[in-house]
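Asker: Take a look at this one; I'll ask things after.
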Amino acid sequence: MVTEQVKTKDNKGMHPWVILLIMLVLAVIAGYLIPSGVYDRVITPDGRTAVDPDTFRFVSENNLTLTGIMTAIPRGIKESIDVIIITFMIGGAFGVIKKTGMLKLGVAALVKTFEDKKLAIIFVLTAVFVVITGFIGVPELALIYIPVLMPLLLALGFDSMVTVAISLTGTAAGFSAAWSAPATVGLGHLLADLPLYSGMGLRIITAIVLMLISCIYIAVYSKKIMKDPQASSVYEQDLVLQRELRENESKNDVVYPRVRLAGLLAILLFIGLIFGVILFSWSFSEMSGYFILLGVIPGIVAGLSLNEVLDSFVDGLIEMIVGAFVIGIARSIAVVLTDAMVMDTIIMYLARFVVALPSQIASIGILTVTTLFNGVIASGSGKAVIALPIMLPLADISSVTRQTTILAYQLGDGITNILWPASGYFMAALAIGNISYKKWMKWALPLLLIWLAAAAIIVVIASYINYGPF
């Protein structure tokens, strides 16, 4: 199984939940040390709740109680239930697809195609993920890319770190500079009174820049491990994983014509999912239901009995348990800070930092504030309704265009979604790929710092050219 925790001498790192539980304890401590404060909320003419930036005040009350601490994780699970459910549904669908043997067929075809140009697949896959996420703004799709790509990339001589990296950086690059993501750029434009999805050109250029940086970084690492496989930080656990994949292949050596048909159908259904999000604004609920169909229908077409389909679906659900509950535990950090009424205090202090900066680099301040605040609230839309009503007036004072402010917000949010443990889907992806947070940080931190440096240059350029319309 792709997600099975491999117990080798070099893989005795912390359980994926441990670092989040440590952060939860730190959040409880911060909840009692940071002064409580609130901004007033107002209802806008279009019915949205927004922060009034001129109403911050410290308050004496603190609603963080022992009962609140004890129930933080269950409430975090409840508040992120949509993402948890889709994670389970992705696992179930993949369980059926794996059972049919169509994955083996697809891997064999792609290995043959890219056997003599292995590094090209890094650019192809990353570009596809950037485009998909740039349109629909759902980086959580990385959760399905990882188990699908794992056997392919291992067969081509890559390692599981590359598999996770392509999936996460591709979706993060597309999300960070998304041209039509409703939850970030769409909501941001509404809050800033900008024409919806305006300024698309610079965002597309930004996505391409991030994508190329990522691809080059991954390609350099890939060349190193292809030359010396033991240079991989996940070498021993990948040996175990490769053995498991070979054993699974031996159980399903015959590829029937109807399996080919089922594979084609699965691809078409996935394309249908993308169109559903773009054309009909599907939420996680619709996508979750669709993933059930994406698993069950191809499974039946491939010749599995209904019992085999459902058993495989349940097996896939089980593989996702650790990753799915990571999302809820990550959310509990924000639950504790909200109970303690310190979330507004944090954003107030961060806003003061922006005001103190010279106007020429105020856009970098907005990028920095969003980067730091993302360590507390990973939800792009959640941050938007709290931070943007405060940041936009500050940007006006600093002569930073509102379009630049939204871009800086997007970049600070999207890039660090694969940095901070508070990002539930990111931690779930690491769990699914069996990559410890420590190993990921050691591998990815230089890349993320390069990304942030590039983002800083881009927002300064945007500020200099008065990126607009305003």
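Even glycines carry a Cβ here, placed using N, Cα and C.
Whatever TrEMBL says is automated annotation, not expert-curated.
Just lifted these from TrEMBL, have a look:
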TRANSMEM  17-34  transmembrane segment
TRANSMEM  80-98  transmembrane segment
TRANSMEM  119-138  transmembrane segment
TRANSMEM  144-166  transmembrane segment
TRANSMEM  173-192  transmembrane segment
TRANSMEM  204-222  transmembrane segment
TRANSMEM  261-284  transmembrane segment
TRANSMEM  290-310  transmembrane segment
TRANSMEM  317-337  transmembrane segment
TRANSMEM  349-373  transmembrane segment
TRANSMEM  418-437  transmembrane segment
TRANSMEM  444-465  transmembrane segment
Asker: Check for me, if you would, whether the transmembrane segment (317-337) reaches the transmembrane segment (418-437) - at least 3 Cβ pairs under 8 Å, residues 6 or more apart in sequence.
Answerer: yes
Asker: Counting only residues 6+ away from its ends, which parts of the chain sit with a Cβ under 8 Å from the transmembrane segment (418-437)?
Answerer: 2-6, 11, 13-14, 16, 19-20, 23, 80, 83, 87, 139-140, 142-143, 146-147, 150, 160-161, 163-164, 167-169, 172, 234, 237, 241, 319-320, 322-324, 326-331, 333-334, 374-378, 444-445, 448
Asker: Tally Cβ pairs under 8 Å between the transmembrane segment (119-138) and each listed stretch (80-98, 144-166, 173-192, 261-284), then give the stretch with the top tally.
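Answerer: Between the candidates 80-98, 144-166, 173-192, 261-284, the best contact partner of the transmembrane segment (119-138) is 173-192.
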Asker: Where else in the chain does the transmembrane segment (173-192) make close Cβ contacts, counting only residues six or more beyond its ends and a cut-off under 8 Å?
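Answerer: Sequence-remote neighbours of the transmembrane segment (173-192) are 46, 48, 50, 126, 129-137, 139, 198, 200, 203-204, 206-207, 210-211, 214, 278, 281, 380-381, 384-385, 388-389, 392, 402-403, 405-407, 409-411, 413-415, 417, 451, 455.
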Asker: With pairs restricted to those 6 or more apart in sequence, evaluate whether the transmembrane segment (204-222) and the transmembrane segment (144-166) have 3+ C-beta pairs under 8 Å.
Answerer: yes
Asker: Is it the case that the transmembrane segment (80-98) and the transmembrane segment (349-373) have 3 or more CB pairs under 8 Å, with pairs at least 6 apart in sequence?
Answerer: no
